[in-house]
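Asks: What TrEMBL lists as domain 'Lumazine-binding' is 1-99, 100-199. What TrEMBL lists as repeat 'Lumazine-binding' is 1-99, 100-199.
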Amino acid sequence: MFTGIVEIIGVVSELNHQSEDGGTTLTISNASEILTDCNLGDSISVNGTCLTVTSFDKSSFKVGVAPETLRRTNLGSLKQGSNVNLERAVSASTRMGGHFVQGHVDTVATILKVEPDGNALTFRFQPRDKSVLRYIVEKGYVTLDGASLTITKVDDEEGWWEVMLIAYTQEKVVTASKKPGDEVNVEVDQIGKYVEKAVEGYFSKGSSGEPAILQKMVERIVDARLQASKQ
């Protein structure tokens, strides 16, 4: 679990493609600030993707990236020298400055345009998987390349949303240096998913074929009224 508050920007210093399984091993350097308490098997968010540390030294660490992860994220487009957002998993003393982030990327989104607004930048994104738009709401949260950001505008018909990066944030995340046509990893707010599933339980049948909760409630009310009318 993460907060979406990027701690540092690391640099991809090495990529090794594994021909036998289709995966990739990444070496991330310039990461000494987040390795002081690192242990093998720890989780570190790399551009919003939860990855497991397989080895490390004072300033760099290695992670393995599975083929499924490469398909679902933008990690497959990384090159030697690419910058990446880094965040350690939360601890008991972590301040929740962003929101609950799992590090499980839902889809990637393409930057449609970038517009300055004073010293801020407004980014417009269009997701590859349009179904995630039902979780995107104005003033809600979205995680982009591991950074927790506030949605400022949504257009469901055209299929895009916008976020604004203030000057401080521009210095702390890799997204600020990206251009139209570049891609970002997207994780929607997981609370929306839980709410959706809970609401569906009231209106649709479960996998076992049981009537929906709302249907059961209506049936009980009707049965009670029928019983009362017979008395």
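Any Cβ shown, glycine's included, is placed from N, Cα and C.
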Asks: Express the predicted model's confidence over the domain 'Lumazine-binding' (100-199) as a mean pLDDT, rounded to an integer.
Replies: 94
Asks: Which residue counts does DSSP yield for the repeat 'Lumazine-binding' (100-199) in the helix, strand and coil classes, in that order?
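Replies: Secondary-structure breakdown of the repeat 'Lumazine-binding' (100-199): 24 helix, 45 strand, 31 coil.
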Asks: For the domain 'Lumazine-binding' (1-99), what are the DSSP-based totals of helix, strand and coil residues?
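Replies: Each residue of the domain 'Lumazine-binding' (1-99) counted once, the result is 12 helix, 40 strand, 47 coil.
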